[in-house]
Amino acid sequence: MTKLVVGLGNPGSKYHETRHNVGFMAIDLMAKELGLTFSEEKTFKAEVASTFLNGEKVYFVKPTTFMNLSGLAVRALLAYYNIPMEDFIVIYDDLDMEVGKLRFRQKGSAGGHNGIKSIIAETGTQEFDRIKIGIGRPQKGMTVVNHVLGKFSEDDYAMILLTLDKVETALHHYLKTNDFEDTMRRYNG
């Protein structure tokens, strides 16, 4: 079996560690912990790192398409490696959740998230596993765009780092057990 774990974000140093890039941050942490390095795969429009965990090939992916076209990379990788949707998981930010809150879902709408909209449009389904990381709503007077493309405050960044550690632990559990429902029960919150 092969797994595809995708973190959403925008490429480039301008967006490094912005709220919208918590998916990239989660993937980077996982790759670092496993001693993996990313290579740019232009065919897939993504940076890809891979390893074997518990006898399964696992691809960790950061699309290089910018958020709104993330589905292009996901569709290309799923097709090339013949990975079924049940073996695909995506990690991304959610501004409707408090900063640092963690939520696992098995399916659902895009909820206004353009990266998820793109994945749904390209794969033709909402039936895929997700890990959502709360980034909170913008402060009064700030636009959503400025909020999601902005950096975390020092306090929020500290909370996000704790959440990313929890994501890493949850991903290890999921990849070991292949049981997303159990992972949801253990790590939602």
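Cβ coordinates come from backbone N, Cα and C, glycine included.
Applying an 8 A CB threshold to same-chain residues 6+ apart, the list for ASN10 (site 'Discriminates between blocked and unblocked aminoacyl-tRNA') reads THR18, HIS20, ASN21, PHE66, MET67, LEU149. Here Swiss-Prot flags ASN10 as site 'Discriminates between blocked and unblocked aminoacyl-tRNA', drawing on sequence analysis.
The 10 Å shell around the Cβ of TYR15 (tRNA binding site) contains 18 further Cβ atoms across the protein chains shown. DSSP assigns TYR15 (tRNA binding site) to a helix. Sequence annotations record features per position, and here Swiss-Prot assigns tRNA binding site to TYR15, PHE66, ASN68, ASN114.
The annotation active site, proton acceptor is assigned in Swiss-Prot to HIS20 on the grounds of sequence analysis.
Marked as site 'Stabilizes the basic form of H active site to accept a proton' by Swiss-Prot on the basis of sequence analysis: ASP93. Every protein chain considered, the tally of other Cβ atoms within 10 Å of the Cβ of ASP93 (site 'Stabilizes the basic form of H active site to accept a proton') stands at 26. In the three-state DSSP classification, ASP93 (site 'Stabilizes the basic form of H active site to accept a proton') falls within a strand.
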Looking only at C-alpha atoms, tell me how far TYR15 (tRNA binding site) is from ASP93 (site 'Stabilizes the basic form of H active site to accept a proton'), rounded to the nearest Å.
14
Within 8 Å of the Cβ centroid of the tRNA site residues TYR15, PHE66, ASN68, ASN114, which other residues of the same chain have their Cβ?
ASN10, HIS20, THR65, MET67, LEU69, SER70, GLY115
Given the recorded positions HIS20, PHE66, ASN68, ASN114, which one has the fewest other C-beta atoms within 10 angstroms of its C-beta?
ASN68
